[in-house]
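K.L.:
This is the structure I want to talk about, given as structure tokens.
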């Protein structure tokens, strides 16, 4: 039978008033109903199912029951389906706001689907499409926005103008957001998550690797898997790379770049800090503008540089290790030579295999070594050991604070008087070694006159006599030392003896017993002794006793014995 309107008046199709009017129909039991249009007809609308309602030109409300089709050529053919709007298509619900602007179709038998908007389509069970050309094709899929698409087979979500969630469990939120990977998430305008379980969050963010994560405007997590890019324009380019910070760039396989504009561009390179740069394979740069350029290089400190091609180390503010295998440790330390080492503030090792250790130490000769504050080794193979010591000659050695060796193969010990040795031939006037009363060595100009030679001969005799006297004094000192040592030994033995005496007590024989034995220990002035003592009753009136002790410091042994009479 036909359902009648309460007020028999014409309906305006340009609003959703039809839906409201439909709700005001009589609730009597009916099979189907068609709405009357303003021209006095139903426009060819048909409602064949039980409790079906068709409103609009050529609208069709089919299905077995509870279908609603509102709009020009609207069709709702599945059970409990609703079609409202121009050319929307669902298995269950389709709706639009301007019924005069076009035709709407809702067909199919898929339960629970909803489509709202011109040519919106919801073609799977419980799918929902809302918006102009919105499409929800997967089970429980949701597409909201103009031309939004929620595909896959189930549980996809696309919200936003032209948002796309293409595979199962994908989520795309934002204008033109694209979650094309299985289980992927893309949130932000033109964000992209195109691989399985990829996650992209932010304006233009892009996560293209499997399980990759991109967070931030234009952040990019590329590679094939497990990359992470967090920060404005951060880039993690190859597998397992991690970039954290604005414009951070982890472009190497398994690389890590943390800090604004930090860069880790080689395999397994690690860069930590503002502008830090690790460009060598397995290199590490830590600190503001720190740079690790060679393979295996380590740069630790603000503006530190570990250059060369391999195995350089620079630790400290502005420390520099320039060539292969160089090591620089300390603020502004500079190891510029191949295989050189520079340790200390502003220390310098600028030649091949040069070594500088100390504050301001400087080794500029090949294989030169400078040790000490401001020590300088300039000659090839030279050694300067001591604060402000200098070795400028080839293979020269300078030992002592302020000592200076300026000639080739020269050895200088100490500063005052400077005892020098050299393998070079002498030229000009020669010097002689002198000594004062304290035994300090020095130099003096040699003289060559006959008188001087006589004086020197007399001096030689005096020196010989002095030497004999010194030898005699030495023997006497040795004798005194021997006597002193013997006295020391005797004192040690005496102290052990006192300790033994203290340890040896006569055991007390209890009443009714004939014998007793005891052990003891004694201590005196750091000496220790142990002892054993014995006592026996010879008769009722006579008792005998004995004891032996051992001094642990000297190894000496002592003994005692005694007889006691009583009456």
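Placement of Cβ uses the backbone N, Cα and C atoms for every residue, glycine included.
Just so you know, TrEMBL annotations are computer predictions that nobody has curated.
Residues or ranges marked as signal peptide in TrEMBL: 1-32. What TrEMBL records for 66-88, 112-132, 136-163, 169-191, 207-234, 240-262, 278-304, 325-347, 363-389, 391-409 is domain 'Trimeric autotransporter adhesin YadA-like head'. According to TrEMBL, the feature domain 'Trimeric autotransporter adhesin YadA-like C-terminal membrane anchor' maps to 510-567.
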K.L.:
When DSSP states are grouped into helix, strand and coil, how many residues of the domain 'Trimeric autotransporter adhesin YadA-like head' (325-347) land in each?
P.N.:
0 helix, 8 strand, 15 coil
K.L.:
Using DSSP, how many residues in the domain 'Trimeric autotransporter adhesin YadA-like head' (112-132) fall into helix, strand and coil?
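P.N.:
With helix first, then strand, then coil, the domain 'Trimeric autotransporter adhesin YadA-like head' (112-132) has 0 helix, 8 strand, 13 coil.
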K.L.:
Please figure out which one of 112-132, 136-163, 207-234, 325-347, 391-409 racks up the most CB pairs under 8 Å against the domain 'Trimeric autotransporter adhesin YadA-like head' (169-191).
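P.N.:
Ranked by Cβ pairs under 8 Å, first place goes to 136-163.
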K.L.:
Tally the residues of the domain 'Trimeric autotransporter adhesin YadA-like head' (391-409) by DSSP class, grouping H, G and I as helix, E and B as strand, and everything else as coil.
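P.N.:
Once the DSSP states are binned, the domain 'Trimeric autotransporter adhesin YadA-like head' (391-409) shows 0 helix, 6 strand, 13 coil.
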K.L.:
Any residues 6+ beyond the ends of the domain 'Trimeric autotransporter adhesin YadA-like head' (136-163) with a Cβ under 8 Å from its own?
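P.N.:
Residues 113, 115, 117, 121-130, 169-179, 189.
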K.L.:
Could you tell me how many residues in the domain 'Trimeric autotransporter adhesin YadA-like head' (207-234) are helical, how many are strand and how many are coil under DSSP?
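P.N.:
For the domain 'Trimeric autotransporter adhesin YadA-like head' (207-234), the helix, strand and coil counts are 0 helix, 11 strand, 17 coil.
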K.L.:
What residues elsewhere in the chain lie close to the domain 'Trimeric autotransporter adhesin YadA-like head' (207-234), defined as a C-beta under 8 angstroms and at least 6 residues from its ends?
P.N.:
181, 184, 186, 191-201, 240-250, 253, 260
K.L.:
Could you tell me how many residues in the domain 'Trimeric autotransporter adhesin YadA-like head' (136-163) are helical, how many are strand and how many are coil under DSSP?
P.N.:
0 helix, 11 strand, 17 coil
K.L.:
Could you count the residues of the domain 'Trimeric autotransporter adhesin YadA-like head' (278-304) that DSSP puts in helix, in strand and in coil?
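P.N.:
Across the domain 'Trimeric autotransporter adhesin YadA-like head' (278-304), DSSP assigns the residues as follows: 0 helix, 10 strand, 17 coil.
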